[in-house]
Amino acid sequence: MSIQNSSARRRSAGRIVYAAGAVLWRPGSADSEGPVEIAVIHRPRYDDWSLPKGKVDPGETAPVGAVREILEETGHRANLGRRLLTVTYPTDSPFRGVKKVHYWAARSTGGEFTPGSEVDELIWLPVPDAMNKLDYAQDRKVLCRFAKHPADTQTVLVVRHGTAGSKAHFSGDDSKRPLDKRGRAQAEALVPQLLAFGATDVYAADRVRCHQTMEPLAAELNVTIHNEPTLTEESYANNPKRGRHRVLQIVEQVGTPVICTQGKVIPDLITWWCERDGVHPDKSRNRKGSTWVLSLSAGRLVTADHIGGALAANVRA
């Protein structure tokens, strides 16, 4: 299910409150009973044990909100991985409506818990013990989904470049057509969203608009954008096998690569990859500025999640 980002709105059935959370995990310790441990938090207001989550703030996308809430509730920084489930349940306060919570797997990259008024305890438990500790059926369902695949997956981020006006209205070499005002805003908004997944390296098809989409992220990471001639629409159409091979070469590198390319490349690339590895991808409209979050285990694709954009205030599934 693709996540489409939009401002929260009132509906006839009541308001939808958008939230985001995670199964926060870390490698198991030497005396742990499992390969990974799960963070379970206690909220004194409700006297319950749950997974970390919270409302998505205006101006945030769900992934950015998830990482912020993890830090606020647990004290841990985290990199998101595969999306798990979207949970919806009714809420009565301060208005009647529903809360919609998007959950991800999230690996702790360090931090230290400090008790507070909202969360006063955090415990790390193996998956079976965490399952027994959680008070809510929806949290246990999320954890079950997490346990379906190995925790430690590799993430690959495939981005369609931002908006760049109309080809018909650009008089120069189309390969040099730049981002327009909205496209530049998309490029800036992509930075926190891609960092939420632990982006480390940046690749862009040999088009000005692809490079410009990645420039803010590359500046934030202090890395060079790798130019990729085989991933332009023309080159990929002439030799898709060469383009796919180049993507697989990129994936072999250590880290979380971000690959920015064009609209006629991405659908074929995602379809080929999913068919090769037996994965059902999200449905998507392949909009400019959108992102595919691909999760791999032992070199094989296990999930293909889509995020519709990075600009809007909240999310709609």
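The backbone N, Cα and C atoms fix where each Cβ goes, glycine too.
Pulled from Swiss-Prot:
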- 15-148: domain 'Nudix hydrolase' (DOMAIN)
- Arg43, Pro44, Arg45, Tyr46, Asp48, Lys53, Gly54, Lys55, Tyr89, Lys99, Glu118, Tyr136: substrate binding site (BINDING)
- Lys53, Glu73, Glu118: Mg(2+) 1 binding site (BINDING)
- 54-75: motif 'Nudix box' (MOTIF)
- Glu69, Glu73, Glu118: Mg(2+) 2 binding site (BINDING)
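Taking the features listed in Swiss-Prot, we show where each one sits on the structure.
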| residue | record | DSSP class |
| --- | --- | --- |
| Arg43 | substrate binding site | strand |
| Asp48 | substrate binding site | strand |
| Lys53 | Mg(2+) 1 binding site | strand |
| Glu69 | Mg(2+) 2 binding site | helix |
| Tyr89 | substrate binding site | strand |
| Glu118 | substrate binding site | coil |
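The DSSP breakdown of the domain 'Nudix hydrolase' (15-148), given as helix, strand and coil counts, is 30 helix, 63 strand, 41 coil. The C-beta environment of Lys53 (Mg(2+) 1 binding site), restricted to residues of the same chain at least 6 apart in sequence and closer than 8 Å, consists of Ala19, Ala20, Gly21, Ala22, Ala66, Glu69, Glu73, Val101, Tyr103. Long-range Cβ neighbours of Arg43 (substrate binding site) (same chain, at least 6 residues apart, Cβ-Cβ under 8 Å): Ser50, Glu118, Val119, Asp120. Here the binding-site residues are Glu69, Glu73, Glu118, and the one whose Cβ sees the fewest other Cβ atoms within 10 Å is Glu118. Less than 8 angstroms from the CB of Asp48 (substrate binding site) sit His42, Asp135, Tyr136, each of them six or more residues away in the same chain.
Comparing local CB density within 10 A for the binding-site residues Arg45, Gly54, Tyr89, the maximum falls on Gly54. For the recorded Mg(2+) 1 site, residues Lys53, Glu73, Glu118 set the reference point as the centre of their Cβ atoms, and the other residues of that chain within 8 Å of it by Cβ are Gly21, Ile41, Arg43, Pro52, Gly54, Glu69, Glu72, Thr74, Val119.
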